[in-house]
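S.K.: Take a look at what TrEMBL says about it:
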DOMAIN    46-81  domain 'EF-hand'
DOMAIN    113-148  domain 'EF-hand'
DOMAIN    149-184  domain 'EF-hand'
REPEAT    219-305  repeat 'Solcar'
REPEAT    313-398  repeat 'Solcar'
REPEAT    410-498  repeat 'Solcar'
Amino acid sequence: MCVYLCKKEILFLVTSQLTSTTVISECIAGFENAGLSPTGNLCSGREHHRLKVLFQILDVNGDGGICVNDLTVGLRKLGVHRTEHELRKIVKAGDKDLDGQLDFQEFVHYLRDHEKKLRLVFKSMDRKNDGQIDSQEIMQSLRELGVNISEEQAQKILRRMDKNGTMTIDWDEWRDYHLLHPAENIPEIILHWKHSTIFDVGESLLVPDEFTAEERNTGMLWRHLVAGGGAGAMSRTCTAPLDRLKVLMQVHSSRSNSMRIAGGFAHMIREGGVRSLWRGNGINVIKIAPESALKFMAYEQIKRLIGSKQETLGICERFVAGSLAGAFAQSSIYPMEVLKTRLALRRTGQYAGITDCAKHMLQKEGVTAFYKGYVPNMLGIIPYAGIDLAVYETLKNWWLQRYATDSADPGVFVLLACGTTSSTCGQLSSYPLALIRTRMQAQATVAGGPQMTMLGVFRHIVRTEGLSGLYRGLTPNFMKVIPSVSISYVVYEHLKIFLGVQSR
């Protein structure tokens, strides 16, 4: 896995509307002539003074803070034009005390943090490690993103940033060109840091991957989805015994009838043989394809509805779009979720298969049986998606701040660790709701058992089993995380090669 400029940054480079008189490099050149260069160590006394002068230039009304209006007027005087949206992102990224403007310390901190991100991207693009980016390196980075340009177009990009006529970009030229262009977070710069759905931990991640128009048009999108679906099917099949054990413990385990892991496996084998360990896995694999497709299509439509024209969404937008898309996909395939639970809990010979199980449920319980546990399932989406994204962003930023010095490439193990940890935290937060959902789905399978509502099930569990009862089956659920992620990753990589999918 390599690290490249993100799609939004590439489009900015290729289709920038800045004229030759308004590019950042010329603005910085003007600063240098005036002794105001923001280059070098931002903490030195000389640079502190120069940044102070720059701050005073941008602080149009002289109130000690730079707001969006100050940036608009100040940068326009310097010949630099930015949209209001871009300027708001600059202020938002540096405004630590949330007063709507940047004081001097916040201004310096923003430039220092932004410069570090730019350096990571520069080093990632500098394939030859010679401190220069040439046209071939720009063409290679774009090509690996699925965007093909000619050498003439690459040279045109270079000329926008090249101040000394060498037709290569050194670090100073790269930084000066981009320093006052906002990058709110690393995913806007680094494509590699996407929160990918390929790492299947047995519970669907709610925020789909994002793809360029080029990937959609060339069919690369569906190849990625097929590869991810195949990897998910293999990982779920390999960990199906643990998943069935989790369901059995959620439904049948209690204080008076404690089910241990070894005892649970022994019970399943004794009742139905080794094959019974995979009961319910068929429907669990079948639902991958429709769920992934519906989730992705809903995600793209919701992005348009919330008015986002960006290829890469911010954290809040991803949370909203991902949660709504997950809710839509889950609603569409929820009857399959209920069937999975019923098949996992069935006795030997109770049903002839998936269709037979569906017929029995429809005849004896009616259509509503296919939506038992729907409410807690939907409610669980919010904490799962929110905590999953929050933990992922926190771990990612911590790694970048602490360890990303020479390259923005975190390596596959860091990516796997961040994704696995965040997904596990998300599952942990929503697990009580998942357990209540499973209990409600299974109510008709318990002979003589009451048909309770969501709150009724919650009260019954707390009253009879205590708060720990809300986490029955948690151990086998977490036992399957590492093998699920590992198997999913290995199979995904092999399927990518087989399907001719380019690494991203």
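Placed from the backbone N, Cα and C atoms, the Cβ positions cover glycine too.
A TrEMBL annotation is a machine prediction, not a hand-curated record.
Describe the structural surroundings of these features, if you would.
M.R.: Counting residues per DSSP class in helix, strand and coil order gives 73 helix, 0 strand, 14 coil for the repeat 'Solcar' (219-305).
Counting residues per DSSP class in helix, strand and coil order gives 73 helix, 0 strand, 13 coil for the repeat 'Solcar' (313-398).
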S.K.: If you run through the repeat 'Solcar' (410-498) with DSSP, how many residues end up as helix, strand and coil?
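M.R.: Within the repeat 'Solcar' (410-498) the tally stands at 74 helix, 0 strand, 15 coil.
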S.K.: According to DSSP, how is the domain 'EF-hand' (149-184) divided among helix, strand and coil residues?
M.R.: 19 helix, 1 strand, 16 coil
